[in-house]
Amino acid sequence: GLWSTIKNVAAAAGKAAIKL
């Protein structure tokens, strides 16, 4: 659902932030 998508995007953004 929409919430799952939001969590997936947030997780991806978090991983990207860690790499930076």
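Here, residue 1 is simply the first one shown, and the rest follow in order.
From the backbone N, Cα and C atoms, a Cβ is placed for every residue, glycine too.
LEU20 (leucine amide): 5 other CB atoms within 10 A of its CB, across all protein chains. In the three-state DSSP reading, LEU20 (leucine amide) counts as coil. What Swiss-Prot records for LEU20 is leucine amide, and it gives experimental evidence as the kind of evidence.
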